[in-house]
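Asks: Just passing along the structure, written as structure tokens.
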Amino acid sequence: MDSHHDHDARLVVRLDGVRKEYGTATALDGVSLAIRAGEAVAVMGPSGCGKSTLLNMIAGLDRPTTGTAEVCGRDLGAMTETALALFRRRNIGMVFQFFNLIDDLPALDNAALAAQLTGVPARQARDRALELFDELGIADRRDAYPSALSGGERQRVAVARALMNRPALLLADEPTGALDSRSGEQVMDLLIDLNQIGQTLLLVTHDAGLATRCAGRLVELADGRVVAEHTLEHTA
Amino acid sequence: MTESVFPEARGGAGPLAGAGAVWQVARAGVRRRRVQTAVVGIVVFCSTVSVVVALGLLESVSAPFDRAFAAQRGAHLVAVYDPAKAPASAPARPVPAVTAASGPFAQATVTIPDTVEHLPPGPLTVVGRAGPGGPVDRLDLWSGRWPARPGEIVLDRPPNPHWSYLLGVRFTVPERPQGFTVVGLASSLSRSAESWVTPAQAEELRPSAAQMLYRLGGAGTDADVRRAADAITAALPAGSLLGTQSYLAVKRDHGRTASAFLPFLAGFGVLGLVVAVIIVANVVGGAVVAGFRHIGMLKALGFTPNQVVAVYLAMILVPASAGAALGTVVGGLAARPLLDDIGLSVFNVALSPWVYAAALAGMTAVVTLAALVPALRAHRMPAAPAISAGGGQPSGRGRRVHRLLSGARLPRPVSLGLGLPFARPARTALTLAAVVLGAATVTLAAGLSGTMTAYGAAAQRVGHVHTVIHVGQARFRETPPRHGDAGIETLLRGLPGTVYVTADAWIDLHVVGQPQPIMGRFLRGDSATLGETIVEGRWLEGPGEMVASPAFLEQQGLRVGDRLTLSLGRARTQATVVGVTMSGEPDLIHADWRTLTALSPSAKATQYEVRLAPDADLEAYHAAVRAADPGLRPVAKSRTDQNAVTVIGFASLLTVLLGTVAALGVFNTVVLTTRERRRDLGTLKSVGMTPRQVTVMMVTSMAALGAAGGLLGVPVGVAAHRVVVPAMARAADIVMPAFMIEVWSAPLLVPLALAGVVIAVLGAYVPARSAARLTIATVLRGE
Ligand SMILES: Nc1ncnc2c1ncn2[C@@H]1O[C@H](COP(=O)(O)OP(=O)(O)OP(=O)(O)O)[C@@H](O)[C@H]1O
Ligand SMILES: [Mg+2]
């Protein structure tokens, strides 16, 4: 692994010996991982092995107990909460299994909000969100509130929101977990398309088939450790 | 899609960049969370109304007489000179104690004949003044206008619309056969005259005296006023001073009625403030606690911690400021008429602008702080646990419900409902706290009202004395009585309708060895029927006995059974303390008439307190008194205590407001809790509960909380009452007899305890039923 990032300065993620403890429980036990720009990496492993924790570390939603997490060249452990928020809104897009949309806002505003946070005026933010909605095929649902959307529609709104600021890194935590297989396929295809036009992608999934289809590299986690890594050959 | 791998190189927008996003999320929150928005708005509204009323109350009770007196620049000393002996300019000569003087004004007396309809017959003091203003004794000309020409007169009446019928009344007096027209009504706290005319008119009435009004530098005690009076008259020819009147005598008159309730009103004011603050904090805190998942999502999205705090503050402050603004206006409108009544129709009580400013700014500050404390917790909280903690994942909660279900055999909605509060202890604690606080508040408020009613009746001696017969005094240019002291008593006892008569003399005297004089009230006749409440020892029974207020005994270091020596001039006599009154001035003692005889054998009573037979007609009785001796001036004591009615109206308003706020606090917490459990309810329905069972279960769980809260809250309220009332009484130098503190009875307490259950059930029923009616799928996929 070291040989990778020694000669490649365009590392988007560099984890070095990251440990995370919750009380006496160890969620991550010395994970090191590097992701280059444009890569698509899938993380797999049994329930409770630390996949979500790993993603939270990379997104700056939580801090390592020891070890360093560097994303886009910044050491997240050294940043304040506010700096992390500013960093996150510009560099990271996140998609969750249970969508985490804001119930109070209609679909389009949910997505537009991400751009507004970076100082884009509301009108322009909505225009950009609408572009994404068009591409994702949910433009006709833009005024619906999240509770009125289907799971697949909600996840596509969440993807649109994640892409609003053209993030350097798109993180997806079981994005198809709550969806039926058809909606799941659609979301996966979407992620593959994104990766093909250069979007760096880190994906957590249980579905080995999906993982091999869309990722160029597969990381296996067990008990908080990386137990295997495979590079996948495909010409999709 | 990624044009740059490290897009932050584009140049960062500062933390302020997302202000629009903050506002958008906050606005959506306000619009979509209608219950929370409405509850915050209404609670802040009710609280602000009670704060305005309470602050207005505190302001006016802190020193109603002093404030009104200062506002009128009242005369500390009214001196009446013989115009023949004292040259007009002489009394105004500078004396160090005098800070302002006004006059001389010509003073005359006219006699209202029995034939005049709207005015009490007898002598009427008339003073000539060019206008109501001046450096001293600025009259409150609250109706009509000042006299402009002879024949016009302004009467001294308290500012109460009740008297307005007097405007335009015409009457003739022997001293001016052309008569007078009442053109205005004014109130003088200095009681400098009973009526005013133009100076020219006064001269025409052949004035018998000249009046000077003085404001003094130091006028705290009788001695101060006396010293100033001596200094003023020292330079004048002997015999030129006809008489003086100290404002302290006037103040004491007011004190007896108004000040009796002051500690209670102050207590209510403070209670209103404290409860408003706690409940606003509870409601606002609850809203933030309920929003933890929302907060986590905002953070994951890139909201900075400060922006998250801003969203929550805005979401609360929008309805809160609307409530505070409206509450200030309504509070001002509600307080006005009530405060006018507190002035006891004697003087106007104004609500100063600071009350409004303090209520508005204070409520906003309280709400901000209340929201800030939990919002700051959200500020520190890392985003990851927040997302999963309150999260949509059914795992944690679902599992807990399933475990519950396997423990209790279905269908058992009631036993399940009873178990629910233990599933989430923090939320349960918050709900319980809201119910306890609500029940305790209402209990304490009801108790205060009860104590106040009992105290008011005792302090006002309602029903004990119906009329007080004053004796006209020559030095005030009043007609002196034809009968002597004993003769008047005999006369009164002989009148039909008289039941009891007590003769009173109020005399300045000394405790031997002390420079400050005290006031002695010496009683003859049926003094045991005056209705004075004794809290320790007993009432006067014989010569050489005295009774005093707790304040007096404390100041003198005396107890029941101790003796002290009283002196009047050269005469001395001993008196034993046999009892303690409930309240009273620190310089007032009550003693038997024979104690006065020992000091001054020729002393006469200055007033007679009469209790009438139940069927006696007061007006007819007064007419009979005046007819028997024109030098007697009867003044009715009201049978129903108007002050008590007013003050209890005030207390009731505050109790209702506080009760509403407390009820809303409980309602809000219960609604939030039930909302949070909607997913549990969906889960329960998915395993086979009917909508009805779900509703019953939810309502049962909240009713159990309500009952527990009520059972805890009522004793807390009673205990608070036991602590607060004696403390309040001590601060006001009152000793409360036990019956005024033990105002509780089962018929009062049971509904109070049940109120918690009713509110909790109402708060749970609406959201539980709507959740129970939703299709399972909607509940489970929602949020
Ligand atoms: N906030 C927390 N507090 C305490 N323990 C936690 C917390 N978050 C995660 N854990 C624990 O850390 C371990 C890893 O959790 P994590 O959520 O990363 O697992 P996961 O691999 O995402 O599992 P799943 O596939 O079920 O989502 C688990 O044992 C979990 O119980
Ligand atoms: Mg996970």
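Quick reminder: no glycine exception, Cβ is built from N, Cα and C everywhere.
Pulled the feature table from TrEMBL, pasting it below:
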type: DOMAIN; residues: B:268-382; note: domain 'ABC3 transporter permease C-terminal'
type: DOMAIN; residues: B:428-627; note: domain 'MacB-like periplasmic core'
type: DOMAIN; residues: B:654-774; note: domain 'ABC3 transporter permease C-terminal'
type: TRANSMEM; residues: B:37-58; note: transmembrane segment
type: TRANSMEM; residues: B:261-289; note: transmembrane segment
type: TRANSMEM; residues: B:309-334; note: transmembrane segment
type: TRANSMEM; residues: B:354-376; note: transmembrane segment
type: TRANSMEM; residues: B:429-448; note: transmembrane segment
type: TRANSMEM; residues: B:647-673; note: transmembrane segment
type: TRANSMEM; residues: B:694-724; note: transmembrane segment
type: TRANSMEM; residues: B:744-766; note: transmembrane segment
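Give me the lay of the land around each of these features.
Replies: Confidence annotation: the domain 'MacB-like periplasmic core' (B:428-627) carries a mean pLDDT of 84 in the model.
With a cut-off of 8 Å between Cβ atoms, the residues of this chain six or more beyond the transmembrane segment (B:309-334) that come close are 22-23, 25-27, 29-30, 33, 37-38, 40-53, 56, 280, 284, 287-288, 291, 295, 298, 303, 351, 355-356, 359-360, 363-364, 367-368, 371-372, 375-376, 378-379, 653.
Proximity of distant same-chain residues to the transmembrane segment (B:744-766), defined by a Cβ-Cβ separation under 8 Å and at least 6 residues beyond the stretch ends, is recorded for 431, 435, 438-439, 442-443, 446-447, 450, 663, 666-671, 673-674, 695, 698-699, 701-703, 705-707, 709-711, 713-714, 717-718.
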Asks: Using DSSP, tally how many residues of the domain 'ABC3 transporter permease C-terminal' (B:654-774) sit in helix, strand and coil.
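Replies: So the domain 'ABC3 transporter permease C-terminal' (B:654-774) is made up of 105 helix, 0 strand, 16 coil.
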